[in-house]
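For reference, Swiss-Prot has these:
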BINDING   Asp20, Asp22, Asp24, Thr26, Glu31  Ca(2+) 1 binding site
BINDING   Asp56, Asp58, Ser60, Ser62, Glu67  Ca(2+) 2 binding site
BINDING   Asp93, Asp95, Asn97, Glu104  Ca(2+) 3 binding site
BINDING   Asp129, Asp131, Asp133, Gln135, Glu140  Ca(2+) 4 binding site
DOMAIN    7-42  domain 'EF-hand 1'
DOMAIN    43-78  domain 'EF-hand 2'
DOMAIN    80-115  domain 'EF-hand 3'
DOMAIN    116-151  domain 'EF-hand 4'
LIPID     Cys173  S-palmitoyl cysteine
LIPID     Cys174  S-palmitoyl cysteine
LIPID     Cys180  S-farnesyl cysteine
MOD_RES   Cys180  cysteine methyl ester
REGION    154-183  region 'Disordered'
Amino acid sequence: MDHLTKEQIAEFREAFNLFDKDGDGTITSKELGTVMGSLGQSPTEAELKKMVEEVDADGSGSIEFEEFLGLLARKLRDTGAEDDIRDAFRVFDKDQNGFITPDELRHVMANLSDPLSDDELADMLHEADSDGDGQINYNEFLKVMMAKRRQNMMEGHGSGGHRSSNSHKKSGCCGPNSSCTIL
């Protein structure tokens, strides 16, 4: 937890203790949602379940404070990653209308010295365009990018990424130290 400040740890301890009803040093998965809400987060039930599964090694449904700190540290990193992803979206969205069109995607990829074939472009759009309107809105972009980021972190690849299902490697689309990966 080196990357958390003393103030953050104290704030998280205070929130944790508020919901540790019996003072045994653990909170239940249901209480976790309340704690996250008090810290300005609003995870869904599915997200809460996944968070608990990630940290609750014994499957008890309870989380100890150290596990809770790890969970919040990851959540804070993801929030920082969202800022990076928002910046990346702006790079792709040339006309700043809130959508990445096929032409904008092709243009940015060509400027990255990696032009897309029509099939690659179609694959990338298909993967990201969940509402089927032929373009990528910010929420679609965020969903794909965060999923890629989590996958890369789980695989131990840091901030690099890969493209769609065709396995062409590409990393750092928006800068050498960026968490941005190509769709």
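Each Cβ is built from the backbone N, Cα and C atoms, and glycine gets one as well.
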Let me know how many other Cβ atoms fall within 10 Å of the Cβ of Thr26 (Ca(2+) 1 binding site). 19
Per DSSP, Asp24 (Ca(2+) 1 binding site) is which: helix, strand or coil? coil
With Cβ-Cβ distances below 8 Å as the criterion, list the same-chain residues six or more beyond the ends of the domain 'EF-hand 1' (7-42) that contact it, or say none. 1, 48-49, 51-52, 56, 60-65, 68-69, 72, 75-76
Quick one: among the binding-site residues Asp20, Asp56, Glu67, Glu104, which has the most Cβ atoms sitting within 10 Å of its own Cβ? Asp20
DSSP assigns the residues of the domain 'EF-hand 2' (43-78) as 25 helix, 3 strand, 8 coil
Where else in the chain does the domain 'EF-hand 2' (43-78) make close Cβ contacts, counting only residues six or more beyond its ends and a cut-off under 8 Å? 1, 3-4, 8-9, 12-13, 16, 25-29, 32-33, 35-36, 146, 149
Across the binding-site residues (Asp58, Asp93, Asp129, Asp131, Glu140), the Cβ with the fewest other Cβ atoms inside 10 Å is that of Asp58
Give the helix, strand or coil assignment DSSP yields for Asp95 (Ca(2+) 3 binding site). coil
Within its own chain, what residues at least 6 apart in sequence put their Cβ under 8 Å from the Cβ of Asp95 (Ca(2+) 3 binding site), listed in sequence order? Glu104
Is any of the binding-site residues Glu67, Asp129, Asp133 within 10 Å of Asp24 (Ca(2+) 1 binding site) (Cα-Cα), and if so, which, in sequence order? none
